[in-house]
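Engineer: Before I ask anything, here is the structure I am working with.
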Amino acid sequence: MIIGIGVDIIEIGRVRQAIRNNKNFLSKLFTEREIDYFISRNMNSEVIAGNFAAKEAVSKALGTGMRGFSFKDIEILRNELGKPEVILHNGANLIGNKLVENNNSLRVHLSISHNNSSAIAYSVLEGEYYGNI
(Lines of atoms letter the chains of each structure in order from A and count residues from 1; the text may use other names and numbers.)
(Lines give C-alpha, C1' and ligand atoms only; values in the text may rest on other atoms or scores of the structure.)
Protein backbone atom coordinates (compact mmCIF):
# COMPACT_ATOMS: atom_id res chain seq x y z
CA MET A 1 0.00 0.00 0.00
CA ILE A 2 1.23 3.52 -0.76
CA ILE A 3 1.76 5.38 2.50
CA GLY A 4 3.13 8.68 1.24
CA ILE A 5 4.45 10.57 -1.75
CA GLY A 6 6.78 13.53 -1.94
CA VAL A 7 8.32 15.70 -4.62
CA ASP A 8 10.87 18.49 -4.56
CA ILE A 9 12.49 20.70 -7.17
CA ILE A 10 15.49 22.96 -6.63
CA GLU A 11 17.52 25.40 -8.71
CA ILE A 12 20.99 23.96 -9.26
CA GLY A 13 22.51 27.45 -9.19
CA ARG A 14 21.34 27.94 -5.60
CA VAL A 15 23.08 24.74 -4.54
CA ARG A 16 26.24 25.72 -6.45
CA GLN A 17 26.21 29.10 -4.68
CA ALA A 18 25.66 27.50 -1.26
CA ILE A 19 28.64 25.20 -1.82
CA ARG A 20 30.83 28.17 -2.79
CA ASN A 21 29.66 30.46 0.03
CA ASN A 22 29.47 27.99 2.92
CA LYS A 23 32.39 25.64 3.50
CA ASN A 24 30.24 23.54 5.85
CA PHE A 25 27.28 23.18 3.48
CA LEU A 26 28.06 19.62 2.42
CA SER A 27 29.09 18.31 5.84
CA LYS A 28 25.95 19.75 7.49
CA LEU A 29 23.53 18.10 5.08
CA PHE A 30 25.18 14.97 3.71
CA THR A 31 26.75 11.83 5.17
CA GLU A 32 30.36 10.86 4.50
CA ARG A 33 29.20 8.18 2.07
CA GLU A 34 27.13 10.73 0.14
CA ILE A 35 30.08 13.13 0.00
CA ASP A 36 32.32 10.29 -1.21
CA TYR A 37 29.81 9.69 -4.01
CA PHE A 38 29.85 13.40 -4.92
CA ILE A 39 33.65 13.31 -5.07
CA SER A 40 33.47 10.27 -7.37
CA ARG A 41 31.20 12.37 -9.62
CA ASN A 42 33.65 15.34 -9.63
CA MET A 43 31.53 17.37 -7.19
CA ASN A 44 28.93 17.84 -9.92
CA SER A 45 26.39 20.44 -8.72
CA GLU A 46 23.56 18.65 -10.54
CA VAL A 47 24.23 15.47 -8.56
CA ILE A 48 24.44 17.32 -5.25
CA ALA A 49 21.23 19.25 -6.01
CA GLY A 50 19.52 15.98 -6.95
CA ASN A 51 20.45 14.44 -3.62
CA PHE A 52 19.24 17.54 -1.78
CA ALA A 53 15.89 17.40 -3.61
CA ALA A 54 15.70 13.67 -2.85
CA LYS A 55 16.07 14.26 0.89
CA GLU A 56 13.30 16.87 0.75
CA ALA A 57 11.04 14.56 -1.29
CA VAL A 58 11.53 11.68 1.16
CA SER A 59 10.82 13.98 4.12
CA LYS A 60 7.55 15.04 2.47
CA ALA A 61 6.63 11.40 1.78
CA LEU A 62 7.18 10.69 5.50
CA GLY A 63 4.54 13.34 6.14
CA THR A 64 6.68 15.51 8.40
CA GLY A 65 8.90 17.60 6.20
CA MET A 66 12.28 18.12 7.84
CA ARG A 67 10.90 17.92 11.40
CA GLY A 68 11.98 15.38 13.99
CA PHE A 69 15.25 14.50 12.26
CA SER A 70 18.21 15.97 10.42
CA PHE A 71 19.13 15.97 6.74
CA LYS A 72 21.79 13.35 7.46
CA ASP A 73 19.09 10.98 8.75
CA ILE A 74 17.99 10.52 5.13
CA GLU A 75 20.90 9.04 3.19
CA ILE A 76 20.75 8.83 -0.60
CA LEU A 77 23.19 6.36 -2.16
CA ARG A 78 23.36 4.55 -5.51
CA ASN A 79 23.33 0.82 -6.17
CA GLU A 80 25.71 -0.87 -8.60
CA LEU A 81 23.48 0.17 -11.52
CA GLY A 82 23.29 3.81 -10.41
CA LYS A 83 19.73 3.59 -9.08
CA PRO A 84 19.20 5.90 -6.09
CA GLU A 85 18.50 4.11 -2.84
CA VAL A 86 17.32 5.55 0.46
CA ILE A 87 18.59 4.58 3.89
CA LEU A 88 16.73 6.07 6.85
CA HIS A 89 18.66 6.66 10.08
CA ASN A 90 17.82 7.84 13.59
CA GLY A 91 14.76 10.14 13.69
CA ALA A 92 13.76 9.55 10.06
CA ASN A 93 13.91 5.79 10.63
CA LEU A 94 11.76 6.08 13.77
CA ILE A 95 9.14 8.12 11.92
CA GLY A 96 9.16 5.69 8.99
CA ASN A 97 8.74 2.70 11.29
CA LYS A 98 5.75 4.35 13.01
CA LEU A 99 3.97 4.37 9.66
CA VAL A 100 4.20 0.63 9.03
CA GLU A 101 2.97 -2.41 10.91
CA ASN A 102 6.19 -4.39 10.46
CA ASN A 103 9.40 -2.34 10.82
CA ASN A 104 10.97 -4.20 7.89
CA SER A 105 8.07 -3.62 5.50
CA LEU A 106 8.77 0.06 4.69
CA ARG A 107 10.08 0.54 1.15
CA VAL A 108 11.18 3.92 -0.16
CA HIS A 109 11.13 4.38 -3.93
CA LEU A 110 13.00 7.33 -5.40
CA SER A 111 13.56 8.92 -8.78
CA ILE A 112 15.95 11.84 -9.38
CA SER A 113 16.37 13.89 -12.55
CA HIS A 114 17.83 17.23 -13.62
CA ASN A 115 18.32 19.55 -16.55
CA ASN A 116 20.73 22.47 -16.85
CA SER A 117 18.96 24.61 -14.27
CA SER A 118 16.87 22.40 -11.95
CA ALA A 119 16.96 19.09 -10.14
CA ILE A 120 13.81 17.20 -9.18
CA ALA A 121 13.15 14.16 -7.02
CA TYR A 122 10.02 12.10 -6.49
CA SER A 123 9.58 9.63 -3.63
CA VAL A 124 6.96 7.01 -2.83
CA LEU A 125 6.71 5.21 0.52
CA GLU A 126 5.21 1.76 0.42
CA GLY A 127 4.41 -0.75 3.15
CA GLU A 128 1.71 -2.22 5.34
CA TYR A 129 0.06 0.86 6.81
CA TYR A 130 -0.09 0.97 10.60
CA GLY A 131 -1.09 4.46 11.62
CA ASN A 132 -0.26 8.09 11.88
CA ILE A 133 2.84 9.61 13.39
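Glycine is no exception: its Cβ is also placed from the backbone N, Cα and C atoms.
According to Swiss-Prot:
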type    : residues    : note
BINDING : Asp8, Glu56 : Mg(2+) binding site
Engineer: Applying a 10 Å Cβ distance cut-off over all chains shown, what neighbour count does Glu56 (Mg(2+) binding site) have?
Structural biologist: 21
Engineer: Secondary structure at Glu56 (Mg(2+) binding site) (DSSP, helix/strand/coil)?
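Structural biologist: Once the DSSP labels are grouped into three classes, Glu56 (Mg(2+) binding site) ends up as helix.
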Engineer: Identify, in sequence order, the residues in the chain of Asp8 (Mg(2+) binding site) that are 6 or more apart from it along the sequence and have a CB within less than 8 Å of its CB; answer 'none' if there are none.
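Structural biologist: Asp8 (Mg(2+) binding site) has long-range Cβ partners Ala53, Ala54, Glu56, Ala57, Lys60, Ile120, Ala121.
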